[in-house]
Amino acid sequence: MQAKNIIEVIVDVPTMQTDRPYDYSIPEDLKDLIQPGMRVQVPFGSRNLLGYVISDPKATTDFEGELKDITALLDDEPVLSPEMLALGKQIAAENFCFLVEAYHTMLPNLLKVDYDKYFLPTTSISYREHAQYFSDFNEISWAEAEEKGYLADLIKLKKDNKVSIDYRVEDRKRYKTEKWVQPLMGFDQLEDELQNVRKTAKKQLALVEVLMELDGKKVSAKYFEEFDIHMATLKAGAEKGWLSLFDQPVNRDPYANIVIEKSEKLQLQAQQERAFAAVKTAMDAQKDEVFLLQGVTGSGKTEVYLQLIQEALDKGQEAILLVPEISLTPQMVNRLKGRFGDMVAVLHSQLSTGEHFDEWRKLKNGQAKIAVGARSSIFAPLHNIGLIILDEEHETTYKQSDNPRYHAREVAKWRANKHGCPVILGSATPSLESRARAQNGVYTLLEMPERSNHQALPPVELIDMREEFRHKNYYQFSRKLRDEMQATMDRGEQVALMLNRRGYANFMQCRDCGYTFQCPNCDVSLTYHYHNKQLQCHYCGYNAARPQTCPQCGQTHLREFGTGTEKVEQEINELFPNKTVVRMDMDTTRRKGSHERMLKQIADKKADILLGTQMIAKGLDFPNITLVGIINADTSLYLPDFRAAERTFQLLTQMSGRAGRGDLSGQVLIQTYNPDHYALTLAQHHDYDTFYQTEMRYRKLNQYSPYFYTVRFTVSNFDDHTAMATAAKVAHMLREANVAGTKIIGPAQSTISRVNNQYYYQLLYQHRGNQAIHQVLQAIQDRAQNWSKDKIYVSIDVDPMTFM
DNA sequence: AGCACGCCGACT
DNA sequence: GTCGGCGTGCTC
């Protein structure tokens, strides 16, 4: 039998032509080390690239040419488990993305690599040339050559074989280290040393004494700080031979300096107990059952999660808890850390790449057993998962909006199946898709209709803003909301105000001629930002200083239209001059830790009013907030998206749930121009069931999800006509395939038809989910390979969450 | 993607 | 004659 010294590698070139395994031979010295799931460096063409080993060693290859050797191994153990290797294939196939892309998103960024190119002199280079381009060195990087203007010359020398190019792969993987101290002398020796130290060298005397106490034990250099002994003294000690300093790899801990209150296990109430028992039964039976836990806001879902996670730990298993956007739910993280301490690893986008890598590593090597985080945490490198939870399962952030366009819910089900464990989908307002599956018995429905503090859900009032206008009230605030804010704050309680800004732009217009300021690269209005007096494009980032005169008519009567958080904040300052406002939106929360700081201000009652965009609707739990006001409820209602009503209903219900979470009763005021729309009236009455039924009728009538599946194609090109014509070709291919029960909508211009000077067309394909569909989609994907050569890009989004 | 190879126009 | 433009096709 032949030796098995060939392996399959996926190379780091995200294109259609290279989206397949390449065979490489294993050099003798790596033979016993190489395993599937490891990262390797391979020669590919004239370059060196990162690759993922995806197969066990095999004896034969179909490749006709001569196999190349793997250049180097980048890991000492696999970074992708066999489960992950299989999962990547599944994701790539279902979402029409490249396999490398799938593997990349499953791993922390630190495991990506940088590519560098270096020029090296060969033996045929002249002394003169060497001196000119390399001076005293034996290499020069491509970037440096470019900077110094040598690039053209060096490329010429390359042609004459006077220099060669070295393609390097630089692993970004770095371990953080700390200085540690290894005592080198025993007690008696140190005692002798004590005599040799000058009596005035107080620090050194102290150091010797501490070392004597350590009795040979290794400790961190930090340990000496409490004796006021610092690095200079330790270095002196090392020179005298008392100790040696070495680098100890440590985990970066983003929560190191944060004090977390211990959270105690609570007594479960009857409805929680029922949900707990149902999931525990599935866990005991190792069944991959999916539960839809539908509990009203404040019903105590989190406590159920925590106790079930405890169950998993007790069995020696691990758990994953997904939240929509972790930086918005610090309270959830605190509760988990308070209950489970170091067992929790938190993964989210505001961590540095190094911190993220270390949290990931803790999960991989078993130091932590609970993964908490946003969407990508579903790929947590755990080995024996006992439970997966998606909190607020209806949130659209669970679907990634660019490649690979996976949905965390689907990945969760896939992993649950592999691990034989249940999945909990938790929400007060489940997505229609999930609720329909629960209705059909595909998921098990668990209901928690009561609030745990036994407070009734807060009364909700709809305020007709058309009336306000008729009464010549031109503020963003209705008279009622103003009065109630005053009364609430007079009682020493707090107010939360939400501005529903989705799909809404602040724009600037000339009052004389009606000219509006548009982005030169995109078909959208520019948004005016008050704080830096700039007009900005929210799609391509274009910005310009606020003009003083109208470019069309030259007049100076320019005015900002629309409602932004900044403008509302100004009005609040006008109406309630001695109250403090905390404003939370994309602008004020960009910096690391700013969420926590702002929420702490509310928790400590240093502020009276919390004003924010929809980010404040999620997971906040402040007992002293008793009034919730929604400034403009209906801006999300008439978006070109069949889920517009569902989103509005979910948002209003969720925001209403922020009121009256403690012992004080709360109230909610919703300002609207559509007080009769069912999404609003049913949110007003906390009536999910009627909303579900009403909305399902509408979806059935119009053949939308969950009755039909949707695939969205987006075609883009710098030329308007080419983009349109290609979209028509896609439509043609779908029509030709002629699959029964399908429907084509479009092609049509995208809502924003031009972004960054690229024209966008989209096309929707509704189907009932049979195998023939996948073939058509694959055929279009294959055609797209040719189109991409002409810079025409076609993207396929299976079950899209947005239609903009 | 990036690079080599290859076939046509406008230069030292 | 040669240099260099970017179209085409390959990378184990």
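Glycine is treated like the rest: Cβ placed from N, Cα and C.
Annotated domain 'Helicase ATP-binding' per TrEMBL: A:282-448, in sequence order.
The Cβ of A:Cys553 (Zn(2+) 1 binding site) lies under 8 Å from the Cβ of A:Cys510, A:Asp512, A:Cys513, A:Tyr515, each of these being in the same chain and 6 or more residues away along the sequence. The Zn(2+) 1 binding site feature in TrEMBL is assigned to A:Cys510, A:Cys513, A:Cys550, A:Cys553.
TrEMBL lists A:Cys519, A:Cys522, A:Cys537, A:Cys540 with the feature Zn(2+) 2 binding site.
In the predicted structure, the domain 'Helicase C-terminal' (A:545-702) carries a mean pLDDT of 86. Annotated domain 'Helicase C-terminal' per TrEMBL: A:545-702, in sequence order.
Counting other Cβ atoms within 10 Å of each Cβ, the binding-site residues A:Cys510, A:Cys513, A:Cys519, A:Cys537, A:Cys550 show the lowest value at A:Cys513. On a Cα basis, A:Cys550 (Zn(2+) 1 binding site) lies 18 Å away from A:Cys537 (Zn(2+) 2 binding site). Each residue in A:Arg511, A:Asp512, A:Gly514, A:Tyr515, A:Pro551, A:Gln552, A:Gly554, A:Gln555, A:His557, A:Leu558 lies on the same chain as A:Cys510, A:Cys513, A:Cys550, A:Cys553 and has a C-beta within 8 Å of the C-beta centroid of that Zn(2+) 1 site, without being one of the site residues. Cα of A:Cys519 (Zn(2+) 2 binding site) to Cα of A:Cys550 (Zn(2+) 1 binding site): a distance of 15 Å. Annotation note: A:Cys510 (Zn(2+) 1 binding site) sits in a strand segment as assigned by DSSP.
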